Amino acid sequence: MLMVIFQVITPEQAYAAIDLPILGLLFGTMVVSIYLERADMFKYLGTLLSWKSRGPKDLLCRVCLVSAVSSALFTNDTSCVVLTEFVLKIARQKNLPPHPFLLALATSANIGSSATPIGNPQNLVIAVQSKIPFGEFLFGVFPAMIVGITVNALLLLGMYWRVLSDHKEDEEKAGEVADSEVVSVAEEDVSSHRFSPATFPPPATSEESNLRMDAADTLRNRAGSAGESDLISRDSNASRELQTDAESQGDINDNNSMFKTKKWRRVLWKSSVYLITLGMLVSMLMGLNMSWAAITAALALAVLDFKDARPSLEKVSYSLLIFFCGMFITVDGFNKTGIPTALWDLMEPYAKIDQAKGTAVLAVVILVLSNVASNVPTVLLLGARVAASAMGREEEKKAWLLLAWVSTVAGNLTLLGSAANLIVCEQARRAGSHGYTLTFTKHFKFGLPSTLIVTAIGLLLIK
């Protein structure tokens with residue numbers, strides 16, 4: 001707003017500065033991640049962390065691997081939001097110190113996200129502005145990412161080896177299988193008919209006997225008709241009970257069939273979500289427009305859900321989209337002042353990527369700027385200038401990939417270096433009974449050597 005008010009740029013130039021393909025790609029990937037979360041993808045990843053775990057060191061390596069892979073495919077922020085609580089719960093259950101695992105989650109998420117254009121916001125910007133295809137971007141950074149994750153895990157093991165070795169897990173008492181519960185069934189109250197003692201009447205006269213005979217016949221006839229009616233009523237009651245039992249059995253069968261139908265619908269829907277996401281990634285690898293591929297996948301997921309899409313769309317981080325719009329306008333206005341160009345002209349002779357010294361100088365500049373001004377503004381300010389100073393198409397691609405690598409790994413230097421770090425810290429602090437506070441000092445103690453070593457590895461491996 002200040003850029004327009006002070007007439008650094010016009011309103012039309014401000015609107016033109018907003019990069020819609022980047023916003024479309026960011027929006028599409030966020031929607032896809034939301035539907036993947038609903039389809040329990042991250043729940044399965046969390047389960048994979050503790051499945052047949054062989055101790056603290058094995059668990060630490062798993063956290064590094066799962067965090068890196070999920071961040072490359074579903075963005076680092078999303079992975080950290082979902083996996084932090086899983087990691088904390090597993091650490092608490094196994095009576096392990098949480099901070100090595102939280103550091104593994106955050107730092108591996110940043111390193112892993114550098115491998116793909118959809119791994120983090122600055123990579124989205126680089127992929128759209130450089131027009132590097134998804135496959136070339138992946139294969140250009142992937143070797144550095146694999147070695148970087150391995151070195152990062154080794155550094156974590158080396159720094160916390162004694163803590164993980166000396167920390168004995170509490171032996172969980174094996175829960176004995178309870179004996180089969182005795183179900184007490186209440187016995188029905190049976191009413192026993194007690195007959196009174198038989199009394200013999202005095203001998204009767206012939207008339208009395210005839211009257212009694214007639215009365216006896218009448219009673220017999222009534223008793224017979226009553227017996228028949230009792231039999232009929234019993235038969236009708238029995239048939240009613242059978243009908244009721246049949247109806248209840250039918251209800252049970254209907255409920256079972258409905259449950260099976262819902263279960264199969266759920267399985268079919270989850271499979272559709274996974275297939276559509278896979279199709280999006282394949283489309284990007286084939287070189288199709290990444291923004292349109294992500295938006296198409298998001299639309300397909302919303303349609304195939306057969307539900308109101310509002311609950312899912314409400315989870316989209318619209319504040320991030322607005323932040324990007326403001327950042328595009330601000331950086332464009334700052335560029336029009338001429339200050340960044342003047343500073344780059346002074347530094348460019350010393351930051352040529354065709355020389356090892358120039359690559360190191362450029363890496364230091366990106367590292368410092370990414371922690372001072374954040375990584376996305378750094379990419380917006382330096383991207384075109386670094387690419388323009390490169391000689392030839394191959395060097396230009398290498399310059400963009402180095403910018404992606406260094407600006408992403410730079411987030412591991414301090415706790416404030418990336419949004420993923422802050423997400424892990426905040427999620428861990430809010431985790432209730434098993435919460436933990438990851439301090440700035442603990443992060444920096446590991447972040448400094450990890451960032452310097454892993455950054456240097458990428459400078460050597462990215463071609």
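From the backbone N, Cα and C atoms, a Cβ is placed for every residue, glycine too.
The compositional bias 'Polar residues' annotation in TrEMBL covers 234-253. Annotation comment: TrEMBL describes 1-410 as domain 'Citrate transporter-like'. Sequence annotations record features per position, and here TrEMBL assigns region 'Disordered' to 189-210, 222-253. Positions annotated as transmembrane segment by TrEMBL: 20-38, 137-161, 290-306, 318-339, 359-388, 400-424, 444-462.
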Paired segments the transmembrane segment (318-339) and the transmembrane segment (359-388) in contact, 3+ CB pairs under 8 A: yes
Winner by Cβ pairs under 8 Å against the transmembrane segment (137-161), considering only 20-38, 290-306, 359-388, 444-462: 444-462
Whether the transmembrane segment (359-388) meets the transmembrane segment (290-306): three or more C-beta pairs under 8 angstroms: no
Beyond the flanks of the transmembrane segment (400-424) by at least 6 residues, Cβ under 8 Å: 71, 76-77, 79-81, 84, 102, 105-107, 109-111, 113-114, 119-120, 122-123, 126, 130, 132, 137, 140-141, 144, 148, 353, 359, 362-363, 366-367, 370-371, 375, 378-379, 382-383, 386-387, 438-440, 443-444, 447-448, 450-451, 454-455, 458-459, 462
Tertiary contacts of the transmembrane segment (444-462) (same chain, 6+ residues out, Cβ under 8 Å): 103, 107, 111, 114, 140-141, 143-144, 147-148, 151-152, 155-156, 159, 359-360, 363, 367, 398, 401-402, 405-406, 409-410, 412-415, 417
